[in-house]
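For reference, Swiss-Prot has these:
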- 56-76: transmembrane segment (TRANSMEM)
- ASP159: active site (ACT_SITE)
- ASP218, ASP220: substrate binding site (BINDING)
- ASP312: active site (ACT_SITE)
- 391-411: transmembrane segment (TRANSMEM)
- 428-448: transmembrane segment (TRANSMEM)
- 509-529: transmembrane segment (TRANSMEM)
- 530-550: transmembrane segment (TRANSMEM)
Amino acid sequence: MSPFLKFFLFLYDYLSPSSFFLVQRNTLGASLDTTDGVVRSGIIGEIIYIWKQTRIFVFIPILKCLVTICLVMSLLLFIERVYMSIVVVFVKLLRRTPEKVHKWEPINDDDLELANTNYPMVLIQIPMYNEKEVCQLSIGAACRLSWPLDRMIVQVLDDSTDPASKELVNAECDKWARKGINIMSEIRDNRIGYKAGALKAGMMHNYVKQCEFVAIFDADFQPDPDFLERTIPFLIHNHEISLVQCRWKFVNANECLMTRMQEMSLNYHFVAEQESGSSIHAFFGFNGTAGVWRIAALNEAGGWKDRTTVEDMDLAVRACLHGWKFVYVHDVEVKNELPSTFKAYRFQQHRWSCGPANLWRKMTMEILQNKKVSAWKKLYLIYNFFFIRKIVVHIFTFVFYCLILPTTVLFPELQVPKWATVYFPTTITILNAIATPRSLHLLVFWILFENVMSMHRTKATFIGLLEAGRVNEWVVTEKLGDTLKSKLIGKATTKLYTRFGQRLNWRELVVGLYIFFCGCYDFAYGGSYFYVYLFLQSCAFFVAGVGYIGTFVPTV
C-alpha cells in the first residue's frame, strides 16, 4: 500500500468518532482488500478510493445538512406566503378599504374665506441626481398637484454633478416659479449621505418649519393631480397615523420581458406584503417614494439616517418603534419607470437586498429592547418582516433551486421530498401570479428569471449581514425616460458587436455551466425528466451571462 493511501487512512481513523470507528473500520478494511489491486495499479486508483470515501463521509453529510436547512426554510417561506394571502383575501371579501378602517373625509373648502386655511401646509420633496431624462416629468407632476398654491412648497433636492442636468433642473424650476408655484431648488456642495443626506438637508431649511406633512417622490415618479387630496385626509383625521404609502404604477412595464418580470414581483409586493402589513400590523416598509409623512413623526423617530442604503426602511422601523401607525392605500397609484437595463436592475437589487440585511443586523437589539411596542409587533418585525422576507427568501431561492437541487443528480443518496420540489413552489408561484393576472403566461420565464436574480440578492444579503465590501454602495438606478429612450436603444443596436464585452457577466455564466453540467449528467444517468428544468435554468443563466436581458445602452 502506498504511503499516500496510508496517510489518508490515518486521517480517517483519527477523525472518525470512536463509536463509529469500530463498525466502519472493518468496512474500510474489506473495501481496501477488494480495491487494493486497483490501488496498487497507480495513483489514479488511490485518488478514486479517496474520492469515494470523501464523498461518503464528507460531502454527503454536508449536503444532507444543507437539504434539511433548505427544507425548513421552504416550510417557513410557504407559511409566510399563505398567511399573507389569507389576510389579503379576507381584506377583499370584507371590503376593509383604508377609507372604511380609518376616518377619511374630504377637506371642506365650501367657505371661500377659510378655504385655504383648511388645507395644511405640505412640503413636496423631489431628490434627484443626474437624472435629466426624467426630472422634468416629476417636477411638472408635483407642480400640477391640486392644492392651494400658498399651502404647498415644492422642494427640488438636486445633488447633480452633471452640468447639463443642473441646467435642466434650474430651467424647469424657473419655469414653474414664473407660473406662481412656490418651488425651491436646493443644491448641496457634497453628496454626503446620498439620498438620505439630501432629504435630511432639505428638512433643515427655515421655511420647512411651517409645513405639517411632507410628500416624497423620486425623480421618475409622476403623481396624479388629486394625490394630496386623497392621502392627506388620512393624516388630518387620524393623529396616530404617520405615513400614507401609495402603490406604484409602471409606465414602461411593456418595454421588454425584464420589465414584465419586475412588474410581477413588485405587484405582489404591494398587493400581498404592503396590504397585509397595513391591515394586520399597521406597519410595512416605506418604499422611499410615493408616500406622505407626518413631519412630527419623522422628527420624533430621529429623522433621516444614512447608516444603510435603505434609509426609507430605517425610518419606517424607527417610527414604528415609537408607536406610530402606517396605512397603505392600494387605490392611489403613482406612475413611475422601471429600470430597463440589466446593469441598472442589478445595482437596484443589490441595494434593496443588502440594505435590509444590514439594517436587520443593526436594529435587532434595538427592537428587542424597545418598551413602546408589544412583543407581538417585535416578533413580526424581527421574524416576518426582516428574517423571512429579507433574508430567507433570497438565500433559500438561490441555494436550493440553483445549487442543491442540481447537485442531487450527482448524489443519488440525497432525497428531497416532492412537497419541497413541486407542491410548495407551485403554490408560491401561483400566489405571486395572482397579483398580475395579465402575465400568467409568463410564469415559467418569471421563475427562471427570479432564480437568476437570487444569486445577486444572496450575495448582497451576505454583504449586508457581514458589513463587508459594497455594504454602503449607493448607485442611482438608471432611468432612460421616454424622450431619449428610442435614441439610446438605437445607439445600442448599432454597437452591438463592438460593445459585446460590456454585456458579459461571468458569475451567471459560471452558475449556468454548473447547472448545465448537472443537466447533462441527469440526462445520461438519471431516471427522470429533471434535466428539462436544469437545461431551462442553465439557459436563463446563459442569457443573463451574455447580457441579453432588457435594453442595452453601451458605455460611451
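Glycine is treated like the rest: Cβ placed from N, Cα and C.
Values in this document were obtained by computation on a predicted structure and should not be read as measured data.
Structure coloured by features recorded in Swiss-Prot.
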residue : record                 : contacts (Cβ under 8 Å, 6+ apart)
ASP159  : active site            : PRO127, MET128, TYR129, ILE187, ARG188, ARG191, TYR194, ALA198
ASP218  : substrate binding site : ILE126, PRO127, MET128, SER138, GLY288, THR289, ASN336
ASP312  : active site            : GLY285, PHE286, ASN287, GLY288, THR289
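With a cut-off of 8 Å between Cβ atoms, the residues of this chain six or more beyond the transmembrane segment (509-529) that come close are 402, 406-407, 409-410, 455, 535, 537-542, 544-546. DSSP assigns ASP312 (active site) to a helix. Counted within 10 Å of its Cβ, the other Cβ atoms near ASP220 (substrate binding site) come to 24, all protein chains included.
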